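Enquirer: Please read through the structure below; I'll follow up with questions.
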Amino acid sequence: MSPTSDPVIGVLALQGDVEEHLTALASLGVLARPVRRAAELARLDGIVIPGGESTTICRLLDVLDLRTALTGGLQAGLPAFGSCAGMIVLARDILDGRPDQRPLGAIDMVVRRNAFGRQVDSFERSVAVAGLDSPMTGVFIRAPWVEEAGPGVEVLAEVDGHPVAVRQGSVLATAFHPEVGDDLRLHEMFLAMVSGG
Ligand SMILES: NC(=O)CC[C@H](N)C(=O)O
């Protein structure tokens, strides 16, 4: 992205919280568009992988022939932001995933699906995120946590001792859903990363 051009952010639109991310980005004045085909990955400055169902998203990456182009983009340094299922899709490995579920390996981490347990399927928690000047409310819905993070992974937030927000280079992931509600500071953090921050 040249410093003078406005960033264009794609939202992977296979399943899940696509509209919420498009709305969040639009309300920050960013050009955001849904991505359903490999050709739509071209000329993006960043990609968001929404919350939803990671088994479905992983499967559709193959069905719709998006995996190669997306992996290539990520390896070439395309900034990415995954929330909840998106965090799982960005991981190197998945615990409690479907046996055939293949993530993208954009962050050197192992995530555990549905890690907080069935009794607490959904909850909200005040989360202190490194880089934000005050805690934000994290909405957790059948959320994963990071079970293992490699040396290059920066843990930005934890809940009950488990990492729930991480960054590796220009890839950001949260176990909760910053696209729900009107606190868009993590989207702003991602946009700063897209601009080279
Ligand atoms: N809210 C979510 O994105 C839930 C994630 C879901 N449990 C999965 O495994 O993909």
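Placement of Cβ uses the backbone N, Cα and C atoms for every residue, glycine included.
Quick caveat, the model's predicted, so the values are computed rather than measured.
Below, the features straight out of TrEMBL:
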ACT_SITE  C84  active site, nucleophile
ACT_SITE  H177  active site, charge relay system
ACT_SITE  E179  active site, charge relay system
BINDING   G52, E53, S54, R113, I141, R142  L-glutamine binding site
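Give me the local environment of each listed feature.
Expert: The number of other Cβ atoms within 10 Å of the Cβ belonging to C84 (active site, nucleophile), over all protein chains shown, comes to 31.
Neighbours of H177 (active site, charge relay system), defined as other CB atoms within 10 A of its CB across all chains, total 24.
A 10 Å cutoff on Cβ-Cβ distances gives E179 (active site, charge relay system) a total of 28 other Cβ atoms nearby, all chains included.
In sequence order, S54, I88, I94, L95, D96, G97, P144 are the residues near R113 (L-glutamine binding site), counting only same-chain partners six or more apart with C-beta under 8 A.
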Enquirer: Would you count the other CB atoms within 10 A of the CB of G52 (L-glutamine binding site), including those on all shown protein chains?
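Expert: Other Cβ atoms within 10 Å of G52 (L-glutamine binding site): 21.
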Enquirer: At the level of the C-alpha atoms, what whole-angstrom distance separates I141 (L-glutamine binding site) and C84 (active site, nucleophile)?
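Expert: Computed Cα spacing between I141 (L-glutamine binding site) and C84 (active site, nucleophile) is 8 Å.
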Enquirer: Run through C84, H177, E179 for me and report the active-site residues whose CA is within 10 Å of the CA of R142 (L-glutamine binding site), in sequence order.
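Expert: Checking each Cα against R142 (L-glutamine binding site), the hits are C84.
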Enquirer: Give the maximum pairwise CA distance in Å, whole number, for the residues G52, E53, S54, R113, I141, R142 listed as binding L-glutamine.
Expert: 13
